[in-house]
Ligand SMILES: O=c1ccn([C@H]2C[C@H](O)[C@@H](COP(=O)(O)OP(=O)(O)OP(=O)(O)O)O2)c(=O)[nH]1
Ligand SMILES: [Mg+2]
């Protein structure tokens with residue numbers, strides 16, 4: 001799949017393809033109800049990236065995303081890669097700010113026990129667009145009482 005769909009209701013996402021993203025599929029929803037669009041590795045075709053066990057790498061996607069104001073993009077691991085190879089996103093969920101105009105990159109880490117070869121066009125992670133709220137910050141001397149109070153970290157039991 002990964003073609004442009006016109007039946008998705010939601011805000012518009014502009015993408016700018018970078019020279020090293022030439023020829024890659026556009027990120028897209030793989031199924032009708034997918035939450036995330038898969039991101040592909042824009043590594044060089046004749047020089048795949050090898051991620052040894054315990055190592056991490058920033059993998060280019062080949063695109064700049066213009067996330068609409070009021071939204072963010074979250075970069076999340078693909079469960080298949082995590083289950084089969086121990087490949088995950090180190091900073092999950094990675095946060096893409098709506099005002100970021102650099103290339104989106106995916107910070108992968110190999111928690112498996114074998115080398116993992118990242119080839120050009122491989123779907124390495126997924127990106128979820130989510131609404132965010134910015135709040136007005138105000139310093140106060142007292143906060144409201146609640147039943148929970150300061151209880152946390154297992155205070156309600158198992
Ligand atoms: O997985 C990621 C995470 C971040 N970014 C880009 C987009 C994001 O808007 C920017 C900053 O990310 P973040 O705020 O998480 O990093 P920081 O360490 O706080 O850097 P900065 O000081 O630039 O905000 O880096 C990515 O491309 N991929
Ligand atoms: Mg930051």
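A Cβ is built for glycine as well, from the same backbone N, Cα and C atoms used for every other residue.
No curator has checked TrEMBL annotations; they are predicted automatically.
Straight from TrEMBL, the features:
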| type | residues | note |
| --- | --- | --- |
| DOMAIN | 27-157 | domain 'dUTPase-like' |
| BINDING | 78, 79, 80, 91, 95, 96, 97 | substrate binding site |
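On the structure: features taken from TrEMBL.
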residue	record	DSSP (3 states)
78	substrate binding site	coil
91	substrate binding site	coil
96	substrate binding site	strand
In sequence order, those binding-site residues of 80, 95, 97 whose CB lies under 6 Å from ligand 1: 95, 97
PLDDT averaged over every residue in the domain 'dUTPase-like' (27-157): 97
Surrounding CB atoms that lie within 10 Å of the CB of residue 78 (substrate binding site), all protein chains: 18
Long-range Cβ environment of residue 97 (substrate binding site), under 8 Å and at least 6 residues apart: 67, 72
